[in-house]
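Asker: Dropping a structure here in structure tokens format, bear with me for questions.
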């Protein structure tokens, strides 16, 4: 937390905002023939949906351990507490709604938007470091591991996005890439502190679902 001209900034919230801005700038630079004003509107819907979804995911995850007795803290997302799968789900829903209302095909926008997401996630993990979050069972710096792997994923997505690909291919690569990263690292996190269904952490369930959906998109694009 720091002050500038009497305004208080929370380190985590600042870095999340910076990550979103970086991802948006990359999307604009990588938009191809898509009009900038259309993409900016879509990104607004994606960001709003993403922030809401990320916070809902986190609050549900920590409801019994914290928020059920601290209702006043539910909206304080700038202090920490955003779930990436909730962010992705909310962002996807925001884009789908915008495209539905404006009669636009959505997959090409997902291809554009996800290229910068791994880099935004790297910046977000710095915020986790500041808050002392995302560490392993034995104190492993999982935020750093994920940050490095996300940098590799960003490089891969950037490279394939510069080539002519079938619509949906880049989005599929992101889902598979990050799904694998998260599923592997999730096994190193303290199992007693995560949201589970039938003993399986929800983060792993969402990760595997992302891999399946992404794999389907990649397979379909290669077959067509």
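Each residue, glycine too, has its Cβ placed from N, Cα and C.
In case it's useful when we look at the structure, here is the feature table from TrEMBL:
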TRANSMEM  12-30  transmembrane segment
TRANSMEM  42-60  transmembrane segment
TRANSMEM  80-102  transmembrane segment
TRANSMEM  109-130  transmembrane segment
TRANSMEM  142-160  transmembrane segment
TRANSMEM  167-185  transmembrane segment
TRANSMEM  197-219  transmembrane segment
Asker: For the transmembrane segment (167-185), could you work out the same-chain residues 6 or more beyond its ends whose Cβ comes under 8 Å from its Cβ atoms?
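Answerer: Same-chain contacts beyond the flanks: 84, 105, 107-108, 110-111, 114-115, 117-118, 121, 142, 145-146, 149-150, 153, 156-157, 160-161, 203-204, 206-211, 213-218, 220-221.
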Asker: By a Cβ-Cβ criterion of under 8 Å, what residues six or more beyond either terminus of the transmembrane segment (80-102) are in contact with it?
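Answerer: Contacts with the transmembrane segment (80-102): 12, 16, 41-42, 45-59, 61-62, 109-110, 113, 121, 124, 127-128, 131, 133, 182, 202-203, 206-207, 210.
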